[in-house]
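Notes to accompany the following structure.
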Amino acid sequence: MQLISILSLLSSLMCSLTVLGSSASSYVKFPVQKLADIINICTQDVSTVFKRNEVLNTTVINGIGVYVVKMEIGTPPQTLYLQLDTGSSDMIVNNADIAYCKSMSDGSDYASTDNYELTATFNGLPSTTISSEAYNTLCSYWGTFDASNSSTFENNATFFNNTYGDGTYYAGTYGTDVVSFENITLNDFTFGVSNDTIGNPSGILGISLPIAEFTDGIEYALALNRTPFIYDNFPMELKNQGKINKIAYSLFLNGPDAHFGSILFGAVDKSKYTGQLYTLPMLQAFNTLGSNPGMIITAQSVAILDSESGNKTVSDIQFPVMLDSGTTFSYLPTEIAEAIGKSFDGEYSSDDQGYIFDCSKVNDTLLSVDFGGFNISANISNFVTSAKDRCVLNVKQSESTYMLGDAFLVDAYVVYDLENYEISIAQASFNNQEEDIEVISDTVPGATPAPGYFSTWVYKPGSPIGTGDFINVSWTSYSEFSQYKSLLATAAQSDDASSFSSSGGSSESTTKKQNAGYKYRSSFSFSLLSFISYFLL
C-alpha cells in the first residue's frame, strides 16, 4: 500500500461526515462513529444508516482516542473537523495562514515518503504507522479558519498558549464568532485561533471545566494579582443559549467491535449501562483558585480478574486519576504499572514503552479498578497490541499524571457533571437496547453516591499544581461535605491544613502524592496508527 493511497483514504472519510437529526431544548446528542464504518457507508444513502429522532445527531468519529465533529464557523460558514476532547476546555482552530500547515499544503514534503509499517492490535485489527511529516499534510483535511473571511469574527486580543505532554503546542489569540452544527447555532462563541502550532494539524473542541482553559496562564495572571480571563466554553454555552438544562454530558464509547457510540449533552441514556450508576466527587486540582476542582476522581485499588486464578489485587494504593477520552493509553503510578506488568510475567521494554509478555496470558483477563465500593472492569485486550508472537501491555508508567484513557473507557459509561463537580460511572452495556434517555435537570438521574463517596483524596490548598499534599477525608453526611466545600475558598488563602477539619467526626491523614493536574496527549505517531487502523478492516 502506498502512503498516498492512505491519505486518499482519509480524504474519502470526510464525505461521510454528514450531520443529521434535529434539536431538542433539553439535550444534544453526538453519535460516535468508528472510522471503518464510515468508509463502508460512504457510498450508501445516509438516511438508511442514521436514525432520525428528536435530538441533534452530529456525526462524531471514534478512532481510539480521536473523536471528530464537523463544525461550521463564521459568516459565511467555514467547515472544520475538530477533535472532541474531554480532557481540555478550549475550542482551538488553526489559522488558515499558519506556517505549520501552509508549508506542507502542496504535499511536496510527503509525496516520496514511505516511512510506514503495518502492525496489528491484539484483536487482529490491522493498523498503520505513518511518519509525522506525512501526518502534517492532513491540515487540509481537517480544515483551517480564515478570520478575515468571516464578517462576524471579533478578535478580543487575549493571548493563549499551551504545550501538551508530547510537545504538541498551540499559541494564538481568542475571538468570538458564530458556530453551528446542523440546526444548532451558538452566537458570540469564544474560541482560540492558533497562529503557531507544533505537532497538531487539527483543531480541538475541548469540553472540560473552564478552569482548565489555556487563556494567558492562570498562575501567571494570579502572580500579577489580576483576574484570569476565563470564559464560558462549549458545554457552558449549550446551557447559556438554551440547548441543555444542565452543564453535564454522558460518554458511551460502546464495545470495541460496535459501529456507534454516543456523547449526550444534558442527558443520560439508561440503556447504555448495567448495574448501578455511582457518583464520585471531583478532586481539588487548582488549589490557588479556591474551591474549583478538576475532572479527577479517586481510584482506591487495581486488580486483575482471571477466569483461572480469580481476583488478584495488584495494588491497593489510592491515587487521583482522570477519565480522559482524549488519551488512548492509561498512565498509572509507576508501582501500579509495574505490578500489572509483572502479573503477566512481563518484562519492561523501553523501546516499546510497555511490558512485553506471552499473548496466551491475555485470555479473558480483566483490569478492574475500585473507585470506592464499586468496580469497573475493562478487558485487558483493550490495552494490548501485538507483533508476531509477543504482546505489549500499553499501561504506561507515570510519576505525576495519572489517566485512564479510552482503552478503559470503552467498557465504562461515564457522566461528567460540570455544575455539581461530580463524575458518575457504571459498567457499560452492549446489549443494543432501545434508548432510555432522561434529561439532567438537577442531579444525574438514576445515580447514587458511591459507598466511598466521602473517603476520597482531595488537594491541600496552596500546594503547587503537579505535586502536592493530599488529605484523606472521611465524611459521614452530605451536610458535612457542604460545610467542607464552603471552607475551601477560605482555606485556599492559607496553608493551614486544619481549615479542612469539620465537625461531626471527620478524620484526615496527609500523604505526599503526585496529582493529575496536567493534560497529557498521546503522541501523534500512535494516534495516527490508531486512526488509520480502522480504515483497513
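Yeah, the Cβs are placed from backbone N, Cα and C, and that goes for glycine too.
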Out of ASN161, ASN225, report back the residue that Swiss-Prot marks as N-linked glycosylation site. ASN161
Among the glycosylation sites ASN195, ASN375, which residue has the largest number of other Cβ atoms within 10 Å of its own Cβ? ASN375
So if I draw a 10 Å sphere around the Cβ of ASN379 (N-linked glycosylation site), how many other Cβ atoms end up inside it? 20
Say you check the Cα of ASP85 (active site) against those of the glycosylation sites ASN156, ASN161, ASN183, ASN311; which is nearest? ASN161
Relative to the Cα of ASN195 (N-linked glycosylation site), which of the recorded positions ASN156, ASN183, ASP324, ASN375, ASN379 has the closest Cα? ASN156
DSSP secondary structure for ASN149 (N-linked glycosylation site), reduced to helix/strand/coil, please. helix
Can you tell me how many other Cβ atoms are located within 10 Å of the Cβ belonging to ASN161 (N-linked glycosylation site)? 15
Find the shortest Cα-Cα separation between ASP324 (active site) and the glycosylation sites ASN156, ASN161, ASN183, ASN311, ASN379, and name the residue that gives it. ASN379
